[in-house]
Structures are given as C-alpha cells and as structure tokens.
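Visitor: First the structure, then my questions, so here it is.
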C-alpha cells in the first residue's frame, strides 16, 4: 500500500478532522452541533453524548462508556423478594378474667313417653257421590251489562311502537 499523499498533521486545535473511517452520524468532532459561542467548543476526538444529536438515535447515550463487559452489580438485598414493612403489633389490653362458671348439672335422661293410646277406629269413608251438574251462571247485575270483548291487535316481535 503506497500512500499517495502524506497524512495531514492532526493537532488538538483542528476542528475539521474526522476519525479514520467513513464519517457517520456520531463521528463528528466535538462542538460541531453546538451553537456558536457555546461553552462546549472543545476540540479533540469526538465523544458520543457530548451535545451529539445522533447519540440518542444510535442507542448510545454516552453515559456508560467504560467497557462492554462492565456490569453494574446489584446489592444482595435487591435479589430477595421485596417484603412489605409491617407495622409492629400494638399489644391488646389484657382481658378481664371472668368469674368461673358454675359447673353444669349433668343431663338427666328424660322419662320415656307413655305409649300412644290408639284412636277409636272410624267408619271407612263413604265413596263420593258423582257431582251434580250445576245450574248455569246467573247474569251479572243489571246495571253493568257485559259487552263483547274487542279483539286486540297482534303483538309484534319488536314490541309496542
């Protein structure tokens, strides 16, 4: 590989320098996106998260750039299931002792009932006589003559309209 042109001297004060490789969304020198006169006008290698608009899009916020294998160890308390803090039980007032009960009297078995006296036998029931045909109903009072019913309208499935 022959170099056709010598590499340009890269100094700490050169704001136009890109890192090796194709410039991507986050490969700009520090302060490129900062407005003029912004206090973050620092020259040097680009740092993700330094006022970099692309840092949020690329998934690298720049907060944890220590190393890929760095994991934040959890304290041992975080592994245990959380316990709800219980309020200490308030001791109840001591119960007032009751006076002792009188001892129960033992149950005395009841005297056996006297045997039932048989009832006097009745005559067997006479079979019912067939009903006599009733006389036709008497008409209602004369002041209220019966009027024939008017037929109702047939109901529809939708209900009354």
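Even glycines carry a Cβ here, placed using N, Cα and C.
In case it's useful when we look at the structure, here is the feature table from Swiss-Prot:
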COMPBIAS  1-12  compositional bias 'Pro residues'
COMPBIAS  30-39  compositional bias 'Basic residues'
COMPBIAS  90-161  compositional bias 'Basic and acidic residues'
REPEAT    85-90  repeat '1'
REPEAT    109-114  repeat '5'
REPEAT    115-120  repeat '6'
REPEAT    121-126  repeat '7'
REPEAT    127-132  repeat '8'
Visitor: DSSP says what for the repeat '5' (109-114): how many helix, strand, coil residues?
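Guide: Breakdown, helix to coil: 0 helix, 0 strand, 6 coil.
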Visitor: Need one number: mean pLDDT over the repeat '1' (85-90).
Guide: 72
